[in-house]
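Written below as structure tokens is the structure these notes are about.
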Amino acid sequence: MEARNAEGLESCIEKIQEVKLSSFAELKAFRERKVALITGITGQDGSYLAELLLSKGYKVHGIIRRSSSFNTARIEHLYGNPVTHNGSASFSLHYGDMTDSSCLIKLISTIEPTEIYHLAAQSHVKVSFDLPEYTAEVDAVGTLRLLDAIHACRLTEKVRFYQASTSELYGKVQEIPQSELTPFYPRSPYAVAKMYGYWIVVNYREAYKMFACNGILFNHESPRRGETFVTRKITRSVAKISLRQQEHIELGNLSALRDWGHAKEYVEAMWRILQQDTPDDFVIATGKQFSVREFCNLAFAEIGEQLVWEGEGVDEVGKNQDGVVRVKVSPKYYRPTEVETLLGNPAKARKTLGWEPKITVPELVKEMVASDIALMEADPMA
């Protein structure tokens, strides 16, 4: 009897091991497909990430919103490239929206991505004060819809999920620099919505054992940055001034301090986060800080103008060496609640991911100004 029981137990153990090996082999085969789904693919980060993933042999799917005008300028070179957009469908676009859970479920069940990069958001801080409900609907609840779509499609244990979080979570900073352990103190509807997004990712990771991660990205720029963001607004205006298409620029808080990096390097960090053995959250930053005023100095220096600053607050102006006012301050560009300083501590990303930024802020500014000058020369109305 004991021998029979021992044989039965041994057989049972062997079957369990076979199931485990079978499940492991199935998961390995699933991940080796290298299929990525990117929300927000038409944005700055989405376009750079698509380029990176295609270069690594991924099949890339992107979600775009239906609109009356095309908003695909940043990815046209990929969509129109026969190497990336061909019969094997290395690069595909799908209509969808973060406010429509049914379309998200349909896309995920059809595509069965191995990795999802959630970059879509209403990401303009000042606009979030004008559109607080919409910002919450897209940035907060939209993230929940996407996570729940993965769960509904029974892909919880297969898909790896990246959520684009933000340094705006720190808002009224509780310590300098800010790390993964720094308490959050959001100061805008955008930041509050992203805080929900952050914690719902953590919740799904803990509740369903999902490989879900947050990348707390500090400000990152490039020539593809949206025109309403302060860095791009500065470099576009400098380009127009150099071509005598504009006299000066109006800005808000010149003393605001930010940790700026290059978007191309930051999407590399996103990818590395999803290649780890265990899911975790990471601060992605340079660890260096510049003011908006200093960014202006660097940008104008690229066209041979050295700024001298006079006055304080809304009366402050920046004049070039000939005494011509190039920068003015306007109260309309101040936020109802300002975030005065943001400085990230990327030590964890450096140690765990092996990621470290190389492009400096002066190099970034140089690239952005040169790009905008070329753009304005080709089309003064751009």
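Backbone N, Cα and C atoms are what each Cβ position is placed from, and that goes for glycine too.
Bear in mind that the values here come from a model prediction, so they are computed numbers and not experimental data.
Summarising the annotation, Swiss-Prot assigns NADP(+) binding site to 40-45, 97-98, 119-123, TYR134, LYS194, HIS220, ARG225. In the three-state DSSP classification, GLY43 (NADP(+) binding site) falls within coil.
In the three-state DSSP scheme, THR166 (active site) falls into the strand class. Residues or ranges marked as active site in Swiss-Prot: THR166.
What Swiss-Prot records for GLU168 (among others) is active site, nucleophile, and it gives similarity to another entry as the kind of evidence. Neighbours of GLU168 (active site, nucleophile), defined as other CB atoms within 10 A of its CB across all chains, total 24.
What Swiss-Prot lists as active site, nucleophile is TYR190 (among others). Counting only same-chain residues six or more apart in sequence, the Cβ atoms lying under 8 angstroms from the Cβ of TYR190 (active site, nucleophile) belong to GLN122, SER123, HIS124, VAL125, VAL127, SER128, THR135, ASP139, THR166, GLU168.
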GLY43 (NADP(+) binding site) has its Cβ surrounded, within 10 angstroms, by a count of other Cβ atoms equal to 23
For HIS220 (NADP(+) binding site), the three-state DSSP class is strand
For ALA120 (NADP(+) binding site), the same-chain residues 6+ apart in sequence with C-beta under 8 angstroms from its C-beta are THR39, GLY40, GLY43, ILE63, MET98, VAL138, GLY142
Across all protein chains shown, the one of the recorded positions SER123, THR166 with the most other Cβ atoms within 10 Å of its Cβ is THR166
